[in-house]
């Protein structure tokens, strides 16, 4: 999805602009040649934001014709990352926070498209906010004009959902003839090209488990803050997590299927595994 379309989607979602205006000439994150002092208008060090998605089949999660949300992660410009950046803003009551903010529609959507494939949804949402959301510097409480407690939590979750809605991976793959099948296999280049078509031609990261496609990461640089700023698609900063060919794309509820355990995130660049 293009940058203008993302901006229109933000307006359509009814976002309340509670952040100070950012300078028009501020650079995109990770694209600056000199240091940028305005920490509320420039995402740093986590200047590469990733909208990440799961395809869980055993047990299945979410609708059979849709990928599901993993999260929104602020990676550093070199592909490294921070985690659990503010213990004082770690929460264990995401559902209650959203209800208090009147975000019932968001909560309903999350229950359908942001499930924990094996466990409690609330625990999953808490983990994503506590580990990743607290590391986005442009949504810290001091960046709001009129801050109310936990406002940034609801904004983070809403932004994650908004980005996900603009990245329909299932339809993008299907349009290219790539559909879930118990026996058919695909080339990595075919999958990457199909997904790049909804990401301004920029290649996402794809991951496989036991030869089966199970995760996608879409990368962005941001101009302005992470909620109201302009999102610019960029190519993946991480090496592919699937082989070049013979990739399975299994139907949900398949007996010979794989599950993307949300607790783990593979860093293919360093061949390490990290809690996610």
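Backbone N, Cα and C atoms are what each Cβ position is placed from, and that goes for glycine too.
If you look up Swiss-Prot, you'll see 1-17 marked as signal peptide.
The disulfide bond annotation in Swiss-Prot covers 22-41 (among others), and the record cites similarity to another entry as its basis. Long-range C-beta contacts of residue 41 (disulfide bond), restricted to its own chain and to partners at least six residues apart, with a cutoff below 8 Å, comprise 20, 22, 23, 26, 138, 224, 225, 229. Secondary structure from DSSP puts residue 41 (disulfide bond) in coil.
If you look up Swiss-Prot, you'll see 30-77 (among others) marked as disulfide bond, on the strength of similarity to another entry. Within the same chain, residues at least six positions away from residue 30 (disulfide bond) with a Cβ under 8 Å of its Cβ are 47, 48, 77, 221, 234.
Look at residue 32 (N-linked glycosylation site): DSSP puts it in coil. Long-range Cβ neighbours of residue 32 (N-linked glycosylation site) (same chain, at least 6 residues apart, Cβ-Cβ under 8 Å): 42. Feature annotation from Swiss-Prot assigns N-linked glycosylation site to 32 (among others).
DSSP assigns residue 143 (disulfide bond) to a helical segment in the three-state reduction. Contacts of residue 143 (disulfide bond) defined by a Cβ separation under 8 A and a same-chain sequence distance of 6+ are given as 19, 20, 39, 40, 225, in order along the sequence. Summarising the annotation, Swiss-Prot assigns disulfide bond to 40-143 (among others).
Summarising the environment of residue 70 (active site), the number of other Cβ atoms within 10 Å of its Cβ, over all protein chains shown, is 25. The active site annotation in Swiss-Prot covers 70 (among others).
Summarising the annotation, Swiss-Prot assigns disulfide bond to 85-135 (among others). For the recorded site, residue 135 (disulfide bond), the DSSP three-state label reads helix.
Taken from Swiss-Prot, the feature N-linked glycosylation site applies to 93 (among others). Residues within less than 8 Å, Cβ to Cβ, of residue 93 (N-linked glycosylation site) and separated from it by at least 6 positions along the same chain comprise none.
DSSP assigns residue 128 (active site) to a helix. Long-range neighbours of residue 128 (active site) (same chain, six or more residues apart, CB within less than 8 Å of its CB): 70, 71, 72, 160. Residues or ranges marked as active site in Swiss-Prot (evidence: similarity to another entry): 128 (among others).
Summarising the annotation, Swiss-Prot assigns active site to 132 (among others) and lists experimental evidence as the type of evidence.
According to DSSP, residue 208 (disulfide bond) is assigned to a strand segment. Taking the Cβ of residue 208 (disulfide bond) as centre and 10 Å as the limit, one finds 21 other Cβ atoms among all the protein chains shown. Taken from Swiss-Prot, the feature disulfide bond applies to 208-242 (among others).
Taken from Swiss-Prot, the feature N-linked glycosylation site covers 256 (among others).
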Spatial neighbours of residue 132 (active site), counting only the disulfide-bonded residues 85, 208, 242 and Cα distances within 10 Å: 85
Alpha-carbon spacing, residue 135 (disulfide bond) to residue 208 (disulfide bond), which is rounded to whole Å: 27
Rounded Cα separation (Å) that holds between residue 208 (disulfide bond) and residue 85 (disulfide bond): 29
Other CB atoms, at most 10 A from the CB of residue 22 (disulfide bond): 18
Number of Cβ atoms other than its own within 10 Å, given for residue 132 (active site): 27
Other C-beta atoms that fall within 10 angstroms of the C-beta of residue 135 (disulfide bond): 21
